[in-house]
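Notes follow once the structure below has been shown.
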Amino acid sequence: MSDLLLALVRVSEKAANIARACRQEETLFSQLIQKKQDVERNNAIVADFKTLADVLVQEVIKHDIGKKFSDLKDHIYGEETNEFKNELGEKIQVRMFEDVEDTARLLSKVLGGNMRVAEVLAVAAHQDVPITDLQTDPIDIPLQGLGLWVDPIDSTYQYIKGISDALPVGGLYSHGLQCVTVLIGVYDLQTGLPVMGVMNQPFVTLDPMTNRWTGQYFWGISSGSINLSSVTPALGKQKVAAPSRESGLSAVLSTSDSEHVRTLLQQGCEGRVSFAAGAGYKCLCVILGLSDVYVFSQDATYRWDCCAPHAILLSLGGGIANLRECLKSKHTGTMKEWVELVYNTPVEGVSGPEKWANKGGLVAYRSKSDLETVLSLLSTINL
């Protein structure tokens, strides 16, 4: 399991390099965007897009992890299909070859014959990324019976817009490239519970001299008595100066949530509510202590959005609960344990991405007392 963690961190850094490389070519980047087909769209978003970066990153993760860990090869799932259509209308199956030249030739077909850029992306996809020791003791968790959820570029809309000069408020970005994350979550195929997560933020600091970005990554493991993370509770509070308990609950929300939910939380949190893009980034805000909770009452997040941050939150003593099920249990007085999201069971009666939607909304939290507060504040809503 230590080897798997290192491999996931390494491939997340490779993914971040690809995301940054794609954004460097502004003129070309605009040509690498296409609307998703209805069968693969998020139905809650009017215009849902995917980019070559999304597709290539997902294929790189599948290739690298599947090649190194054969037990996982057939259990790596992601948000994107690997099909991309070029300007000539040709449908191309994006994939990784063993040879960098072959990958470059395939990518050049997507890129309208631009071999120079294709070679840049192919090199980024094949280049080994050195990672220093993660300083973890050997972790003995069998790889058999595990699956992966991958969101190659979470907050694709912010990635496409490419805003580089957004300013944070209280350390939290409402929009901009900082809200983009690469998410790789590992879960138990039988129980559905997350056991490992890696989150990579490719766009954290922009060098004004070179106009190049650097990023950062975070990881966590939660399995039985094993709880390890690159983010300690103390570090999270130090980094972001989160509100003290005396000052009440703080929450990060989506602007697309219902007006009723937003009003209840604004009132209950006495105005300590922020809005941000990207489900992964909002979860990261909770992980780092920028906000106490992330609440979303809609059905518009998916397994790939939450598996990675969920594992990290569990390692910190928190989690991601199903909002509807928690409220239902609270109303009936039957709640014995919080109802955590699980990642192995599709939603019945639907097809496409919707079968992997987090039906009932969610609450990401680092403290169970904060979850209890959220449930009390939203006890009147009917999901």
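Every residue, even glycine, has its Cβ placed from backbone N, Cα and C.
The Mg(2+) binding site annotation in TrEMBL covers E79, D151, I153, D154, D305. The Cβ neighbour count for E79 (Mg(2+) binding site), using a 10 Å radius over every protein chain in view, is 24.
Annotated Mg(2+) site E79, D151, I153, D154, D305; additional same-chain residues within 8 Å of its Cβ mean position, judged by their own Cβ, are D54, V150, P152, S155, T156, T181, V182, L183, A279, G280, Y302, W304.
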